[in-house]
Structure formats: C-alpha cells, structure tokens
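The structure appears right after this line, and notes come after that.
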Amino acid sequence: MAQWIFRLKGCLGSKVYSEVPDGGWGWIVAVAFFLVEMFTYGVIKSFGIFLKDLMSDFEESNSRVSWIISICVFVMTFTAPLSSVLSNRFGFQPVVMLGGFLISLGTISTAFTSSINQMYLSIGIVTGLGYCLTFLPTVTILSQYFSKRRSVVTAMASTGESFAIFVFAPAFTALKNGIGWRYTMVVIGTLQGIIIVCGALLCPIVIKPKTSPTETEQKITYSLPEEQMHGSVSSGDSGVQSLDELERTLKFRKEQEEAEPLPILPKQQDTTSKNKLLDLTVLKEGSFLCYSAFGLFATLGFFAPQLYVVELSASLGTERDKAAYMLSTMAIAEIFGRLSIGWVLNWGHIRKIFVLLVCVSLMCLVLVLFTVVNGFWGLAVCCVLYGFLLGNIASTHIPMLAEDDVVGIQRMPLAVGVYVCIQSFAGLAGPPLGGVLVDITQKYSAAFYSCAVGMGLGAVFLGLVRPAKTGHLCTRRNTGRNKPIGEQMAKDKDRPEEFQELDNQDIKS
C-alpha cells in the first residue's frame, strides 16, 4: 500500500523541466482542461432543456427560473479572485479537486430541492463556486506548460464546451424523458465527479535550467581575486590552501553584501511577486486596465444571439422548427472558430493582440448585420459568422493575459482572477439590459444593437492596450536618463571609470 502511494505521489507530483516543454505532461493537462470545459460550461449551456420542467413542477415564471443560471454565472466569475488566492496558496490540484466536489454536491442536491429558492442556493451558489474553482486554475496551468504551441493547444482544448452541447443536449433530453429531471440531475452530478480526477492530473511545473559542472567551476575560479589564484598555484599544499582561501573570500563577500545590499533588478522583483496571493498592483497598469475594460464591454455582446436568435427568426417569418437550428449552426461554427484561431496565432507572424482586435471589430459588424438581414438563410449566415468569431474570442481572451502585451506569463496566475471578476458585472447586467430594451421597443433587434455598442467599446479599449503597455498612450518616450536605478548601476558597473567620470561631468554641467 505504501509503495502504491509512493508511486502515485511520484506520478502526480511536480514536473521538472529545463525549459517550457511545449508538450510532455502538458498534453495530459490539455485533456483535463477539455473535460473540465465539458462538465462546466457545457452543462451550463445545456441547462435550458430543464426550464419547462422546472416551471411546471414549481409553478414559477420563466424569469424566476432563468435566474438560476444568472446567479450561477455571476458567482462563477465574481469569485474569481478567490480562485487565484487559493491556487497561489495551496496549489492547483487541491483547489480544482475541491471545485469538482462542490459541483457534484450542488448538482446532486438539486434533485432533492422543493422550491426555486433552494435551487438558487444549490445550483447558483454551491455549483457556481465550484465552477470558479475549476476553470481558472486549469486554464492557467495549461498556459504554463506551453509557449510556442500555447494558442493552438488552448484553442483545441477549449472545444470541449462546444462538443458538450452536441452530446449533452440530446442525451440529457432522452434521459429526462425516461427517468425524470430529478434523477437526471443525479446522473449529471455523478459524471461531474470526473473533474476531481482532472484536478489530480494538474501537476505543477518547475523550470530548472541545466548548469554544467565546468560552468560552476569557472564561476568559482573567476570569482577569486588574482593574487589568490597565483598563490594557490605556486603553493605546495595547493588543495588545502585554495579551500581555505575560498572560504575566506566567500565569508568576506558575504559580509560585504550584508553591509551594502545590492539593488533589486526588475527580474528579481518579478520573482518576489510570485509569493503574493493576489496581485492587485495590476490595477495600476494602464495595459491591464484597458484590457479589463475590453473584457467588461465585450461580454455585453455575448448573450443576445443565444437568447433571442430563435425569437428573432420567428418574428421574421421563419418556422420555429427551422429557427431552432440556428443554435446548432452557431455551435458548429464555434468549433471551427476555436480551432482556426489556434493555428493562426501559432504562426507568430503578427501580434496576437492585433488578431484579437480584428475578431472583435468584425463581431461588432456581425451583430449589426443580424438586424438588417431578412429570411432564414440571411440569419443562418449571420449565425455562422457569429459562431466562428465567438469561438475566436472566447478561446483567446483569457490566455491573452499571458502575453507580454498585457501582463505576461509570470503574473497571469495572479491577474486572471481580477480580470474575470471585473468581467462578471457585464455578465450579470447584460441579459436584464437586453430584456428591458426588448420590452420597451417591442423589437428583438434592440438587444442586438446594445450588444453591438458594447462590443464596439470593447474594441476601442482593446486597441489601447498596446499603446498603454509601451508608454505611448500617456507618457513621453524614455530617453535613457530616467532608467531605473538598479539597471543604471548594473550597467555602470561594467563601464570604465573614465566614461563614468565624463557622464558625471555632463550631469553637473
């Protein structure tokens, strides 16, 4: 038994590499992310098949039942900083396993509820918190295992959500008709226990660059003063004497470092920031603020087509049976969109943030196009374009945080929770805002216009991310005299004294 536990611990322990592997155990993590996508977002998007059953059993209105998913999505996104704090404190594996347990517990307990208010607690809060603890840590550690292939692997793994819609919707419908919605919830909650296994597979990655023995010997030799090097060679007892001199030299340097501490360079500052549980300093960076504003407004453009495209098609004269195929068309196009954007970003010939900006801009035009076209085929083309672009954006906007244009891979685990938390407010306010506009105007096109405005504002802020990062947005170009003190001292150390004296004379004059 002890030997089996030791082997399991070795298999699921930290994975050590000399550089980012772009594979290795990362492929196991990618499969785990695929399954997590299936049993989180895939289940959420398939929950609509239970709406009529819940309305008839609890005798509630459509809006009251719809709040179940709204609360669940809001809790999942608003508590994202908690997911970051727990992941940085305890690691990815226990957090995702805890999230999988909460998801199963909340879904199974739904089968024993007797009112909608109890479902607000079971599905909305318990399951929503579990979704939060599983999705963000999984996508974060997947980004750490890949560098060159990060975009394509993340896009392929994220298709689990789209495949789940094809599989779960008909399967759960048939199961519901056979055993009832309550027992179906028990089956779903049991299947979601797979997430616990996925969490155990999220082994942390450790990067330790290789150092050859000759390099270490050279470093020790070059660190000795020249007189001690000559002395150790000429002495008869060179072995013992060189060790004594090395000890004295190291001791002398240690005392010197304690007396005069060296300045911390920016790279060292990055390593010390890893010890933080939650990095709120990203809110001081203009690039992150612009990117968060993009996520906030762009989220407003994600809900209208899924909610209102069937009703919009019916209002334009399309039969409801044919109008239902619009959602299937979106799902198919979304799969191709997720896969294609991964290959495009993997080329590396253009900045990834510019590709995302083009997709967001085109999405804004497609949302307006929904209100202009007429007939079944016109709406079908819009659904294909929307699904394709939605796949592009949905699979890249969170991994984009790992790019140097936003916060970088080192700070991504600390910043992703803050980003998703900011994004959650649009997810909560978007559907009610569209519903109010539809009630006022009595036209479903009003919801599409509001989404287009939100997506357009998101494109504007996304275009400001790189100028804010490079300092061209609100600061003047750095001429080199305002460099950080640590960098300047490190560079001056390697320069001859004559040049340093000349620089000092120039500064005084």
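Cβ atoms here come from the backbone N, Cα and C positions, even for glycine.
Heads up, TrEMBL stuff is auto-annotated, nobody curated it.
Because the structure is a prediction, the values reported are computed rather than measured.
Residues or ranges marked as transmembrane segment by TrEMBL: 24-44 (among others).
Residues or ranges marked as domain 'Major facilitator superfamily (MFS) profile' by TrEMBL: 26-470.
Counting residues 6+ beyond its ends, the transmembrane segment (64-83) has Cβ neighbours under 8 Å at 44, 47, 51, 54-55, 58, 95, 116, 119-120, 123-125, 127-129, 131-133, 135-137, 278, 416-421, 423-425, 427-428, 431 in the same chain. Residues or ranges marked as transmembrane segment in TrEMBL: 64-83 (among others).
Listed as Cβ neighbours of the transmembrane segment (95-113) (distance under 8 Å, sequence separation of 6 or more from its ends, same chain) are residues 36, 39-40, 43, 83, 86-87, 119, 122-123, 125-134, 137-138, 182-183, 185-186, 188-190, 192-200, 202. According to TrEMBL, the feature transmembrane segment maps to 95-113 (among others).
Annotation source TrEMBL lists transmembrane segment at 119-142 (among others).
Beyond the transmembrane segment (154-175), the same-chain residues lying 6 or more positions past its ends with a Cβ under 8 Å from any Cβ of the stretch are 30-31, 33-43, 45-46, 49, 139, 142-143, 146, 184, 187-188, 331, 334-335, 338-339, 341-343, 345, 391, 394-396, 399. As annotated by TrEMBL, transmembrane segment applies to 154-175 (among others).
Per TrEMBL, transmembrane segment is recorded for 181-207 (among others). With a cut-off of 8 Å between Cβ atoms, the residues of this chain six or more beyond the transmembrane segment (181-207) that come close are 12-21, 25, 28-29, 31-33, 35-36, 39-40, 43, 50, 53-54, 57, 91-101, 103-108, 110-112, 134, 137-138, 141, 144-145, 172, 175.
With a cut-off of 8 Å between Cβ atoms, the residues of this chain six or more beyond the transmembrane segment (288-308) that come close are 45, 282, 327, 330, 360, 363-364, 367, 370, 383, 386, 390, 393-394, 397, 400-401, 406-407, 415, 418-420, 422-423, 425-427, 429-431, 433-434, 438, 444, 447-448, 450-455, 457-459, 461-462, 464-465, 468. Per TrEMBL, transmembrane segment is recorded for 288-308 (among others).
Long-range contacts of the transmembrane segment (323-341) within the same chain, counting only residues at least 6 positions beyond its ends with a Cβ under 8 Å from a Cβ of the stretch, are 151, 155-156, 158-159, 162-163, 165-166, 305-306, 309-310, 313-314, 355, 359, 376, 379-380, 383-392, 394-396. Residues or ranges marked as transmembrane segment by TrEMBL: 323-341 (among others).
Residues or ranges marked as transmembrane segment in TrEMBL: 353-370 (among others).
Annotation source TrEMBL lists transmembrane segment at 376-394 (among others).
What TrEMBL lists as transmembrane segment is 414-434 (among others). If you look at the transmembrane segment (414-434), the same-chain residues 6 or more away from its ends with a CB under 8 A from one of its CBs are 66, 70, 73-74, 76-85, 88, 136, 139-140, 273-274, 276, 278-280, 282-283, 288, 291-292, 295-300, 302-304, 307-308, 398, 401, 407, 446-447, 450-451, 454.
Positions annotated as transmembrane segment by TrEMBL: 446-465 (among others).
According to TrEMBL, the feature region 'Disordered' maps to 477-509.
Taken from TrEMBL, the feature compositional bias 'Basic and acidic residues' applies to 489-498.
As annotated by TrEMBL, compositional bias 'Acidic residues' applies to 499-509.
When the stretches 24-44, 119-142, 353-370, 376-394 are ranked by Cβ pairs under 8 Å to the transmembrane segment (446-465), first place goes to 353-370. On the 0 to 100 pLDDT scale, the model's mean across the domain 'Major facilitator superfamily (MFS) profile' (26-470) is 79. Residues 158, 162, 298, 302, 305, 309, 312-313, 316, 318, 322-323, 325-326, 329-341, 356, 359-360, 362-363, 366-367, 369-370 of the same chain lie 6+ residues outside the transmembrane segment (376-394) yet bring a C-beta within less than 8 angstroms of a C-beta in it.
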